[in-house]
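This report refers to the structure that appears directly beneath it.
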Amino acid sequence: MGGYEACVTPTCGKSGSLVCPTCKKLGIPPVMSSFCSQLCFKSYWSSHKALHQMFTQARKETQSGHASPFDGFAFTGKLRPGKVSAMSKVPEHILRPDYAETGIPVSEQQASKSIPIYTPEQIAGIREACRIGREVLDIAGRALRVGVTGDDIDKIVHKACLERNCYPSPLNYYHFPKSVCVSVNEVICHGIPDSRAFEDGDIVNLDVTVYKNGYHGDLNDTFLVGNVDEDGVRLVKTAFESLATASKLVRPGTMFRELGKHIAAVANAQDFSVVKTYCGHGIGSLFHCSPNVPHYAKNKAVGIMKPGMIFTIEPMINMGSWRDKTWPDDWTAVTQDGMRSAQFEHTFLVTETGYEILTARENEPVMEWDMAKVHRP
């Protein structure tokens, strides 16, 4: 958030140094979207959100007659967006995070920058969310094959979450329209599931996060669909090995900034690069919180690991340049050169003597590469 207009809340009159993130995405000028504080933002939200609806409708009317909002966009690779279906509904009885209705995670924006250390009771809750997240990802992963669409996978993930009485964390997080991220080939992360069918030779990342009893659990895997070429397999294996290498460093006393050096060494040995724009993060009662966990060498991450800390490590490894570009949907991050990208993610707990992978498969306490687990003929 940024800006220096007057607060738009009636009768306030103070300087507005915060800008509504939804307004920023919609291109609404700061003079119509600035607030002096989170308190004003929350108190005026029910009225302010009507502005979003008005601008969204105006944009649709402006774009009517155009084939796609992507018209004129310079795609970096071969992938093109498909049709995105309507946002799925979540029954009222399921506990949901604060952004489920508004799209704005106010609790994250107000959170302390210090790294939380969780109690045994909190750890048990996060562990359960992570266990369910693993179940949901495995269900979605088993459904992957040539001809299945990203929208099919989204419906599977959404249904699996509801059956377990949990909320799919990505849904409406800063207005993300789906329950899972599906990132194909040159998509680095945050791909929106759509009508495009997976093709023979695709590499497909499924990123699942669930919210259960007030806690989030986050993980992702990259899958090989059909007959993937040798370079594609090597890329996916390297992404896995980079995370496995980093996992061995998780213990009390390790500096978060140290992880990137070891991840980069694994990637660089294969002439691959590490994405710098996106990083791992703290997780628990919040979807994203401190610490930030960069995956590249010579980063300046703050903090030292202590027992009770919980965070994700999720290196994104590119076949070519590390640089990225975002599609006009404001979510889909792709490689700038159009070459492929792969990623794996786990949620880690720092223990007294080392680590626990909270999102691991049952009976897999450490990471070991097994292509059969990610290959979908």
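Think of each number as a place in line: the chain as shown, counted from 1.
Just so it is clear, glycine is given a Cβ too, placed from its N, Cα and C backbone atoms.
Source: prediction; values computed, not measured.
With ASP207, GLU345 listed by TrEMBL as binding Zn(2+) 3, the candidate from ASP194, ASP218, ASP330 annotated for that site turns out to be ASP218. The record from TrEMBL ties ASP218, HIS281, GLU345 to Zn(2+) 4, and of the options GLU163, GLU186, GLU314 it ties GLU314 to that site too. Cα-Cα distances to HIS190 (protein binding site) place ASP207 within 10 Å, out of the binding-site residues ASP207, ASP218, HIS281, GLU314, GLU345. Calculated from their C-alpha atoms, the gap between ASP207 (Zn(2+) 3 binding site) and HIS281 (Zn(2+) 4 binding site) amounts to 14 Å.
Sitting within 8 Å of the Cβ centre of ASP218, HIS281, GLU314, GLU345, and not among those site residues for Zn(2+) 4, are the Cβ atoms of ASP207, LEU219, ASN220, GLY280, ILE283, PHE311, THR312, ILE313, HIS346, THR347. Apart from ASP207, ASP218, GLU345, the residues listed for Zn(2+) 3, the same chain places the Cβ atoms of CYS181, VAL208, THR209, LEU219, ASN220, THR312, GLU314, THR347 within 8 Å of the centroid of those Cβ atoms.
Counted within 10 Å of its Cβ, the other Cβ atoms near HIS281 (Zn(2+) 4 binding site) come to 19, all protein chains included. Here GLU345 (Zn(2+) 3 binding site) is compared against the binding-site residues HIS281, HIS288, GLU314, and the shortest C-alpha distance is to GLU314.
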